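K.L.:
For reference, the structure I am asking about is given below.
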Amino acid sequence: MRVINLGPDPSLTYRPDIKPLADKDQSEYRNFEGTELFDRVFNTYKLMHTHQTLDFVKRKHVEWSGCTHAKMTMMEAIDSLDKLVDESDPDVDFPNSFHAFQTAEGIRAQHPDKDWFQLVGLIHDVGKSMALWGEPQWAVVGDTFPVGCKFQDSIVFRDTTFKENPDNTDSVLSTECGIYKPKCGLENVLMSWGHDEYLYQVMKFNKCTIPEEGLYMIRFHSFYPWHCGNSYMHLCDDKDVAMLPWVKEFNKFDLYTKSEELPDVENLRPYYQSLIDKYCPGVLQW
Ligand SMILES: [Fe+2]
Ligand SMILES: [Fe+2]
């Protein structure tokens with residue numbers, strides 16, 4: 001079977017029959033072609049790759065980046081994800097917040113000195129709260145990719161899912177650089193809309209003090225065509241290249257800490273609350 005890259009999103013990848021790292025080779029982790037889940041995931045990407053255009057992304061920035069949708073603390077946002085029922089995954093049988101704590105604890109075990117990194121593990125998927133406020137799944141979850149330039153071959157399902165996207169045949173937007181200049185920096189590139197970019201915007205809006213490396217992890221952890229596929233390097237500047245190893249380091253924990261051994265969330269709360277209080281305290285605007 002072909003191994004497909006579906007991004008770090010647990011809602012798209014977790015299955016009780018997929019064993020944790022200790023039991024399975026990493027390459028087998030996300031291999032579920034031929035299953036009912038595969039079809040559902042494919043349909044989510046089909047919708048995403050049809051409707052995520054440059055124009056759509058610009059509209060989403062206007063809609064969400066002003067952070068006018070809710071006021072809540074970071075811990076409340078993490079807990080709110082447990083209400084999220086992912087239409088693409090009927091098999092998830094534990095709360096979404098467990099993935100947050102598992103990722104954070106995996107990072108803590110190997111990077112005990114980097115509390116901001118641990119916090120990034122905890123909060124990285126919190127932007128999925130958009131789905132609770134009506135945003136369709138295909139604009140919240142899954143791998144991301146730049147819009148405004150050619151959709152590269154490294155994007156999952158690239159061959160089959162972009163045919164109805166008008167940007168795919170646009171004379172400018174389908175060129176290698178599209179509307180961008182070579183090495184313009186990812187900061188100047190518009191990504192397909194999803195929970196990465198949204199949480200990054202929330203962090204900036206609320207003046208959270210997570211270091212630059214952590215903000216990169218938040219903003220680009222679903223950009224698999226880049227951190228896994230090595231494409232879009234022609235748009236990267238020196239800063240992006242310097243940050244890439246951090247995004248890759250984060251990805252190890254996002255993907256491979258999933259386990260049937262669930263964390264004792266209530267015992268862990270006080271420690272992670274102290275990190276929230278340090279880097280993104282109080283009531284935040286979403
Ligand atoms: Fe995740
Ligand atoms: Fe994610």
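Note that the numbers count up from 1, one per residue, in the order the chain is shown.
Cβ from N, Cα, C; glycine included.
Copied straight from TrEMBL:
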- Arg30, Asp86, Glu87, Ser88, Lys128, Gly142, Asp143, His221, Ser222: substrate binding site (BINDING)
- His99, His124, Asp125, His195, His221, Asp254: Fe cation binding site (BINDING)
K.L.:
Could you round the CA separation between Lys128 (substrate binding site) and His195 (Fe cation binding site) to a whole angstrom and send it over?
P.N.:
5
K.L.:
Can you give me the Cα-Cα distance between Asp254 (Fe cation binding site) and Ser222 (substrate binding site) in Å, rounded to a whole number?
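P.N.:
Taking the Cα atoms only, Asp254 (Fe cation binding site) lies 10 Å from Ser222 (substrate binding site).
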K.L.:
Roughly how many Å lie between the Cα atoms of His124 (Fe cation binding site) and Ser222 (substrate binding site), rounded to a whole value?
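P.N.:
Taking the Cα atoms only, His124 (Fe cation binding site) lies 10 Å from Ser222 (substrate binding site).
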K.L.:
Measuring Cα to Cα, how many Å separate His221 (Fe cation binding site) from Asp143 (substrate binding site)?
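P.N.:
Between the alpha carbons of His221 (Fe cation binding site) and Asp143 (substrate binding site) there are 9 Å.
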K.L.:
Just counting, how many other CB atoms are there within 10 A of the CB of His195 (Fe cation binding site)?
P.N.:
25
K.L.:
Are any of the binding-site residues His99, Asp125, Lys128, Asp143, Asp254 near ligand 2, with a Cβ under 6 Å from it, and if so which?
P.N.:
Asp125
K.L.:
From the binding-site residues listed here (Lys128, Asp143, His195, His221, Ser222), select those whose CB sits under 6 A from an atom of ligand 1.
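P.N.:
Cβ under 6 Å from ligand 1: none.
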K.L.:
Give the distance between the Cα atoms of Asp143 (substrate binding site) and Asp125 (Fe cation binding site), rounded to the nearest whole Å.
P.N.:
13
K.L.:
Could you measure between His99 (Fe cation binding site) and Ser222 (substrate binding site) for me? Cα positions, answer in whole angstrom.
P.N.:
15
K.L.:
So which of the binding-site residues is most packed in, judged by how many other Cβ atoms lie within 10 Å of its Cβ, out of Asp125, Asp143, Asp254?
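P.N.:
Counting every other Cβ within 10 Å of each candidate, the maximum falls on Asp125.
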K.L.:
What does DSSP call His99 (Fe cation binding site) in the simple three-state scheme?
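P.N.:
In the DSSP reduction, His99 (Fe cation binding site) maps to helix.
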K.L.:
Measuring Cα to Cα, how many angstrom lie between Asp125 (Fe cation binding site) and Ser222 (substrate binding site)?
P.N.:
10
